[in-house]
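Some features that Swiss-Prot has for this protein:
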type	residues	note
BINDING	78-91, 285-297	NAD(+) binding site
BINDING	Arg99, Arg109, Arg138, Asp227	substrate binding site
SITE	Tyr145	site 'Important for catalysis'
SITE	Lys195	site 'Important for catalysis'
BINDING	Asp227, Asp251, Asp255	Mg(2+) binding site
Amino acid sequence: MSKNYHIAVLPGDGIGPEVMTQALKVLNAVRNRFAMRITTSHYDVGGAAIDNHGQPLPPATVEGCEQADAVLFGSVGGPKWEHLPPDQQPERGALLPLRKHFKLFSNLRPAKLYQGLEAFCPLRADIAANGFDIQCVRELTGGIYFGQPKGREGSGQYEKAFDTEVYHRFEIERIARIAFESARKRRHKVTSIDKANVLQSSILWREIVNEIATEYPDVELAHMYIDNATMQLIKDPSQFDVLLCSNLFGDILSDECAMITGSMGMLPSASLNEQGFGLYEPAGGSAPDIAGKNIANPIAQILSLALLLRYSLDADDAASAIERAINRALEEGIRTGDLARGAAAVSTDEMGDIIARYVAEGV
């Protein structure tokens with residue numbers, strides 16, 4: 001690979017900087033093994049940016065992201081900044097504006113039960129034994145969260161509140177294509193989630209997804225009502241590959257997928273726009289209670305890097321190398337404290353070193 005790539009690195013707050021350090025160790029191993037020309041630039045975001053620049057998303061950070069091929073994001077927030085007005089707090093003042101600025105309309109949340117971690121899965125042992133590897137593809141900018149009209153009116157017994165579920169054809173088409181393209185990189189199956197037996201928006205959703213499916217004859221398509229999907233995820237999550245969801249349904253199902261893995265420290269997330277530009281981050285929070293103690297699990301941040309390589313840099317071999325290295329570490333019983341259950345645990349730094357070494361060795 002001879003192309004030059006540039007990544008904007010935004011470590012953020014809490015455990016963000018220390019887990020980001022581990023991801024950059026792994027990136028260095030990827031650079032060397034695959035002869036990739038990747039440079040990075042660091043920028044403040046969230047609480048760190050408030051402390052250093054007086055605002056959670058400084059113009060220099062936005063400009064740096066604009067000049068990059070992708071953004072590797074840590075985590076933001078913490079008690080230190082909770083006294084600020086909501087729009088000036090790290091989460092709402094940084095992450096949401098970044099998503100809006102770069103028109104990040106799709107969210108990809110993988111949820112995988114790794115071999116050796118079945119005991120952390122809250123499902124029955126016989127179900128957990130089958131394992132699962134699911135990718136939830138959620139539409140981020142349409143649906144009931146943004147549809148108009150919305151509001152409250154009236155008083156007394158006549159007081160009411162209302163929201164409107166609205167989806168346009170182009171919004172459904174583009175998120176469906178993201179799901180089908182993702183399935184092509186995985187096990188070639190898409191399950192589209194809707195409520196087409198009740199909602200007009202879901203009827204349109206199903207019609208358009210069926211149309212897009214004709215462009216992907218190599219991908220199997222199934223439809224499932226949201227209420228059934230929530231049950232099937234508990235009954236047999238191994239049946240799913242890619243879940244295609246509207247904003248509301250994806251909000252619900254992606255969290256359910258996360259919970260059945262048993263550890264938020266293992267879950268990455270990607271938010272993409274139509275040009276393939278993406279923001280990649282762990283699904284968990286900044287965990288200020290363990291920040292600076294060298295005990296945080298860096299795997300979600302490292303897996304976020306793998307998603308970045310796969311979806312924004314089209315470097316699937318490098319992404320797969322990271323995933324294999326993580327699998328090897330877990331198979332060998334290497335655990336940070338959140339997964340140790342009383343057994344010997346490695347530190348944040350040690351886990352990063354081990355995964356980077358395994359990438360370099362090509363395990």
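Note: Cβ is positioned from N, Cα and C throughout, glycine not excepted.
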Conformational class of Ala291 (NAD(+) binding site) under the three-state DSSP mapping: coil
Residues that sit under 8 angstroms from Arg99 (substrate binding site) by C-beta distance, when 6+ apart in the chain: Leu140, Ser271, Leu279
Top Cα neighbour of Gly78 (NAD(+) binding site) in the set of recorded positions Arg109, Tyr145, Asp227: Arg109
Site extent for substrate (largest Cα pair distance over Arg99, Arg109, Arg138, Asp227, Å): 29
Asp255 (Mg(2+) binding site) CB neighbourhood, other CB atoms within 10 A: 13
Other residues, Cβ within 8 Å of Asp227, Asp251, Asp255 Cβ centroid (Mg(2+) site): Ile226, Thr230, Leu248, Phe249, Gly250, Ile252, Leu253, Ser254, Glu256
DSSP-derived class (H/G/I helix, E/B strand, else coil) of Arg138 (substrate binding site): strand
Length of the line joining the Cα atoms of Tyr145 (site 'Important for catalysis') and Asp251 (Mg(2+) binding site), in Å: 11
Protein Cβ atoms within 10 Å of Asp251 (Mg(2+) binding site), excluding its own: 17
C-alpha spacing of Lys195 (site 'Important for catalysis') relative to Ala287 (NAD(+) binding site), in angstrom: 36
Candidate recorded positions Pro86, Arg138, Lys195, Ala291, Ile295, pick with smallest Cα gap to Asp251 (Mg(2+) binding site): Arg138
Spatial separation of Arg109 (substrate binding site) from Pro86 (NAD(+) binding site) - C-alpha basis, Å: 26
Inter-residue Cα distance where the pair is Glu82 (NAD(+) binding site) and Asp227 (substrate binding site), in Å: 36
